[in-house]
Amino acid sequence: MASKSQFPYEDRARDHPNPLARRLFQIATEKQSNVVVSADVTTTKELLDLADRLGPYMVVLKTHIDILADFSAETITGLQSLSQKHNFLIFEDRKFVDIGNTVQKQYHGGALHISEWAHIVNATVLPGPGIIDALAQVASAPDFPHASDRGLLILATMTSKGSLATGQYTELSVELARKYKGFVLGFVASRSLEGVETAGKADDEDFVLFTTGVNLASKGDALGQQYQTPESAIGGGADFIISGRGIYAAPDPVDAARRYQKAGWDAYLKRVGR
């Protein structure tokens, strides 16, 4: 798979064919940050407080909205307001994994109304191509008002020990990203996918890579999570680094966010030769 990871964010913001990817790289350039905060908290108050305090230092806020015990319309209006205030995107880590008809309802309806507020969502290709097609249909529908501001990340690899997201699964992830590149921004992956070759490759493709499990202090947890540092993640091809407990569970989350911002940005500057 072709990679443009050696190019500066501002170049990718200028040249990227996907409008949401352009916006993502523009925000990163303006804020000098490639940090995605995974705010795995369980109340709306905690979530909005973190989003407000950490908003200046992150590019994307990643949510697991279904773990909130008190989710309501106020949760969403609060997130949208803070997204505008601090100029960050919202990534709902829903990991869609069902038949197409079901994921369309999960994405565009139900209790969560995800398509109305989440700029980015993700999915696994375990159900086959239909899941990506179904989500893309929602975003491209004539009556959908947010088409240019929505995108999908395909879960191509995982950081948990013993993950089966390898080999043919990863290859299918790349193949479907190429087929639906108007909607697919890129991947959630623990490493660069540059060596993955499939049909449909184009010289100008520029898929964005989000890497999870980034932690400055820990190498893992008791449940099989495996961490890497901002420097190793960016050096390995990540465009954006996702950190959860390393930031929000720190004694001073704001100080932690600043440290991750600096570490991630320094690693990016090193990668592009600045």
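Numbers run from 1 along the shown chain.
Placed from the backbone N, Cα and C atoms, the Cβ positions cover glycine too.
Over in Swiss-Prot, the protein carries these features:
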BINDING   Asp40, 62-64, 93-102, Tyr227, Arg245  substrate binding site
ACT_SITE  Lys95  active site, proton donor
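Here the features listed in Swiss-Prot are placed on the structure.
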{"residue": "Asp40", "record": "substrate binding site", "Cβ within 10 Å": "17"}
{"residue": "Thr63", "record": "substrate binding site", "Cβ within 10 Å": "25"}
{"residue": "Asp93", "record": "substrate binding site", "Cβ within 10 Å": "22"}
{"residue": "Lys95", "record": "substrate binding site", "Cβ within 10 Å": "15"}
{"residue": "Val97", "record": "substrate binding site", "Cβ within 10 Å": "16"}
{"residue": "Ile99", "record": "substrate binding site", "Cβ within 10 Å": "12"}
{"residue": "Asn101", "record": "substrate binding site", "Cβ within 10 Å": "9"}
{"residue": "Tyr227", "record": "substrate binding site", "Cβ within 10 Å": "20"}
Please classify the secondary structure at Asn101 (substrate binding site) using three-state DSSP. helix
